[in-house]
Amino acid sequence: MVTKKSKKAWPWLWFSVLVILLDQLSKYLANHFLSLGHPVKILPFLNFTLNYNTGAAFSFLGTENGWQIIFFAAISFVVSIFLILWLSRTSRSEIMMSLGLSLIIGGALGNFIDRLRWSYVTDFIDFHIKDWHFATFNVADSAICVGVFLLIVHMLLTPSSKP
């Protein structure tokens, strides 16, 4: 009996797993080698500064009394399920789409794990120009941003089949 080989993008989920592993390893190292709020200069424009974020991007809702942790964890989980389903319906040959979805899934689940384990997300990457600092972020956040960028580029460059 010959089995039909799947042409769907399921194998790209391994890339999501890699993103999760890199994210969790980098956060483990940040927690063990950095001190909260004490920057370590890496480059003239880059510090590693340990920060715990109970909110979302740019610490949105970070000062609330705790409900936001459950809220953002639930959003991460639901979005990840939706994106996994989307990836399951994507052709393996759509590399940019598959890679973008995989990056977003990995990033969302990396931060989801932090919220479940610690009730906050560990951030440590601190880009700055002199005294101006961008919001501190992590590997998962980077994966999400790159993934969204790839999806946008894919959607702009792929001709629509609709009239």
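Glycine too: its Cβ is placed from the backbone N, Cα and C atoms.
Listed features, source Swiss-Prot:
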type: ACT_SITE; residues: ASP123; note: active site
type: ACT_SITE; residues: ASP141; note: active site
type: TRANSMEM; residues: 9-29; note: transmembrane segment
type: TRANSMEM; residues: 42-62; note: transmembrane segment
type: TRANSMEM; residues: 67-87; note: transmembrane segment
type: TRANSMEM; residues: 93-113; note: transmembrane segment
type: TRANSMEM; residues: 137-157; note: transmembrane segment
> Going through 67-87, 93-113, 137-157 one by one, which has the most CB pairs that fall under 8 Å from the transmembrane segment (9-29)?
Replying inline: 93-113
> How many Å lie between the Cα of ASP123 (active site) and the Cα of ASP141 (active site)?
Replying inline: 9
>> Are there residues at least six beyond either end of the transmembrane segment (93-113) with Cβ under 8 Å to its Cβ atoms? List them, or say none.
In response: 7, 9, 12-13, 15-20, 23-24, 72-73, 76-77, 79-80, 83-84, 86-87, 121, 138-144, 146-151, 153-154, 157-158
> Which state, by DSSP, holds ASP141 (active site): helix, strand or coil?
Replying inline: helix
